[in-house]
Amino acid sequence: MLCLGWIFLWLVAGERIKGFNISGCSTKKLLWTYSTRSEEEFVLFCDLPEPQKSHFCHRNRLSPKQVPEHLPFMGSNDLSDVQWYQQPSNGDPLEDIRKSYPHIIQDKCTLHFLTPGVNNSGSYICRPKMIKSPYDVACCVKMILEVKPQTNASCEYSASHKQDLLLGSTGSISCPSLSCQSDAQSPAVTWYKNGKLLSVERSNRIVVDEVYDYHQGTYVCDYTQSDTVSSWTVRAVVQVRTIVGDTKLKPDILDPVEDTLEVELGKPLTISCKARFGFERVFNPVIKWYIKDSDLEWEVSVPEAKSIKSTLKDEIIERNIILEKVTQRDLRRKFVCFVQNSIGNTTQSVQLKEKRGVVLLYILLGTIGTLVAVLAASALLYRHWIEIVLLYRTYQSKDQTLGDKKDFDAFVSYAKWSSFPSEATSSLSEEHLALSLFPDVLENKYGYSLCLLERDVAPGGVYAEDIVSIIKRSRRGIFILSPNYVNGPSIFELQAAVNLALDDQTLKLILIKFCYFQEPESLPHLVKKALRVLPTVTWRGLKSVPPNSRFWAKMRYHMPVKNSQGFTWNQLRITSRIFQWKGLSRTETTGRSSQPKEW
């Protein structure tokens with residue numbers, strides 16, 4: 001329903017426009033005589049008759065001595081809401097100005113004609129947009145505008161439609177259409193400034209004793225001409241600006257200031273030239289870019305200059321030169337900014353150089369990156385050093401056991417009896433580690449030959465000299481440390497091995513910390529020192545049982561390098577030697593104790 005209501009109102013409004021009777025409108029004739037040598041504008045005011053104006057604007061009448069504050073419609077909110085039409089010469093319905101004439105602009109109740117031409121001639125009607133009462137139907141103004149070019153060429157010094165006033169001095173504003181007539185011949189003139197009536201001024205010139213900023217604006221001068229048949233109003237529009245005196249200085253370049261500019265090779269670059277030009281009435285600024293290479297110099301085609309700031313006294317103009325990519329060749333050139341006005345010219349050259357900070361930054365970042373990489377690699381190397389060494393041994397190292405005249409890769413020593421409660425379960429005791437896990441991993445998996453007294457020596461025990469002999473014939477000594485071990489007779493084996501290692505550089509000792517223990521005061525000084533300096537591998541219970549655990553990797557790291565492919569033959573050879581040594585031992589032990597001697 002709302003849409004239907006709007007459509008109905010639009011149709012009614014359209015019928016009113018089509019059937020709009022302009023016979024009741026007040027009529028005013030205007031003449032616009034324009035010069036073909038200059039650009040000028042023209043304005044029409046919607047000047048309603050006084051009775052209708054007071055009804056439409058709801059304003060109080062002024063006494064004859066009072067001067068209206070504003071030109072009709074310019075100061076009234078109601079009068080700003082008017083509609084302009086043009087009446088075609090062929091009698092067609094009225095045309096909306098806003099839709100059909102782009103060179104005509106409506107500003108409140110004023111029509112601005114931007115370009116002169118005889119095609120602007122015609123009848124223009126203005127009326128209120130909102131018709132609130134039957135009286136408003138006849139509230140309209142019809143203006144008959146005649147436009148023709150100026151034909152009087154006898155006036156050589158006619159006033160311009162654009163006039164300047166010098167600030168701080170005296171000046172005058174002349175009506176262009178009457179500038180060639182003397183004051184005695186000139187008719188009475190009505191002046192308007194920015195839509196306000198200047199009631200005091202009636203001559204063809206406005207004399208200004210001292211020019212200020214507020215004298216700038218749009219002035220309109222009207223006077224009446226008549227003949228025996230009719231009379232009309234001649235109107236001219238003057239654009240007045242207040243200016244300062246022409247500059248006496250050359251333009252100065254604000255940017256670039258320095259004669260060198262650091263750049264990055266391979267990157268795009270924009271060099272800006274900003275220049276400040278002093279005011280000139282005839283303002284023709286010049287700003288260009290040149291390139292100087294050795295003895296050659298040429299102008300560069302760059303984008304158009306643009307004004308970035310304009311004041312009463314000066315204007316700042318900018319023009320840029322754009323390089324898609326900075327090359328080594330550009331570093332050998334000079335880029336010259338050239339600016340000029342009517343007084344003189346100024347130049348500023350710029351030499352490009354490679355940015356040192358970027359190079360240093362790259363070096364610094366590269367150094368830091370290298371340092372971080374080295375630290376990370378060092379940490380990784382430290383963490384996996386054992387695995388790396390073992391991998392290297394597998395493929396590169398030669399067998400260290402060849403030709404050393406030793407029968408065992410390692411002699412294993414552990415506590416054979418227990419006087420302290422074990423911290424481990426029976427399945428993970430020292431004996432289980434020595435007699436079960438060591439053979440399974442070191443012998444069966446990696447091919448090392450071990451000497452285990454409980455396994456490889458015939459029952460009945462061995463003497464101290466026999467243990468020393470076995471250690472001498474071993475490349476490594478493995479000692480499983482525990483409270484039972486350091487407080488029991490097995491510590492003799494460690495002491496003997498330490499003494500032998502001092503003389504035999506091929507004998508290496510490996511300590512296994514099976515569980516926590518305290519060193520007894522009775523330990524020999526040499527053993528105490530050995531506990532601190534010898535390599536120690538910590539047993540971590542069930543975590544160390546798998547053959548691929550770090551415990552076994554550390555054990556292999558300390559074991560001699562051995563070619564595992566030939567371990568079967570070596571084991572057979574070593575086993576036969578052990579049995580030969582056992583038989584010899586039985587025949588030579590008559591009358592000797594089976595217990596190790598006191599140390």
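Cβ coordinates are placed from backbone N, Cα and C, and glycine is handled just like the others.
Residues or ranges marked as disulfide bond in Swiss-Prot (evidence: experimental evidence): Cys46-Cys126 (among others). Taking the Cβ of Cys46 (disulfide bond) as centre and 10 Å as the limit, one finds 27 other Cβ atoms among all the protein chains shown.
Residues or ranges marked as disulfide bond in Swiss-Prot (evidence: experimental evidence): Cys155-Cys180 (among others).
Here Swiss-Prot flags Cys175-Cys221 (among others) as disulfide bond, drawing on experimental evidence. Taking a C-beta cut-off of under 8 Å and a sequence gap of six or more, Cys175 (disulfide bond) has these contacts in its own chain: Ala159, Val189, Asn204, Arg205, Cys221, Tyr223, Ala236, Val238.
There are 26 other CB atoms within 10 A of the CB of Cys221 (disulfide bond), with all protein chains counted. Taken from Swiss-Prot, the feature disulfide bond applies to Cys180-Cys221 (among others).
The disulfide bond annotation in Swiss-Prot covers Cys273-Cys337 (among others). For Cys273 (disulfide bond), other Cβ atoms within 10 Å of its Cβ number 25.
What Swiss-Prot lists as domain 'Ig-like C2-type 1' is 149-235.
If you look up Swiss-Prot, you'll see 406-559 marked as domain 'TIR', on the strength of sequence analysis.
Asn21 (N-linked glycosylation site) counts 9 other C-beta atoms within 10 Å of its own C-beta, drawing on all protein chains shown. Residues or ranges marked as N-linked glycosylation site in Swiss-Prot (evidence: sequence analysis): Asn21 (among others).
The Cβ neighbour count for Asn119 (N-linked glycosylation site), using a 10 Å radius and every protein chain shown, is 10. Annotation source Swiss-Prot lists N-linked glycosylation site at Asn119 (among others), citing experimental evidence.
Annotation comment: Swiss-Prot describes Asn152 (among others) as N-linked glycosylation site.
Annotated N-linked glycosylation site per Swiss-Prot: Asn345 (among others), in sequence order, evidence recorded as experimental evidence. Its own atom aside, the Cβ of Asn345 (N-linked glycosylation site) has 12 Cβ atoms within 10 angstroms in the protein chains shown.
For 1-19, the entry in Swiss-Prot reads signal peptide, with the evidence type sequence analysis.
Positions annotated as topological domain 'Cytoplasmic' by Swiss-Prot: 378-599. Summarised as a single figure, the pLDDT of the topological domain 'Cytoplasmic' (378-599) averages 78.
The transmembrane segment annotation in Swiss-Prot covers 357-377.
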When you rank Asn21, Cys273, Cys337, Asn345 by Cα distance to Cys126 (disulfide bond), which of the recorded positions ends up on top as the closest?
Asn21
Per-residue Cβ crowding (10 Å cut-off), top of disulfide-bonded residues Cys126, Cys337:
Cys126
Looking only at residues six or more beyond either end of the transmembrane segment (357-377), which have a C-beta under 8 A from one in the stretch?
262, 264
Candidates Asn21, Asn119, Cys273, Cys337, Asn345 (recorded positions) - the one closest to Cys46 (disulfide bond) by CA:
Asn21
Hey, does DSSP put Asn119 (N-linked glycosylation site) in a helix, a strand, or just coil?
helix
DSSP helix/strand/coil residue counts for the domain 'Ig-like C2-type 1' (149-235):
6 helix, 36 strand, 45 coil
Distance, Asn345 (N-linked glycosylation site) to Cys337 (disulfide bond) (CA atoms, angstrom):
10
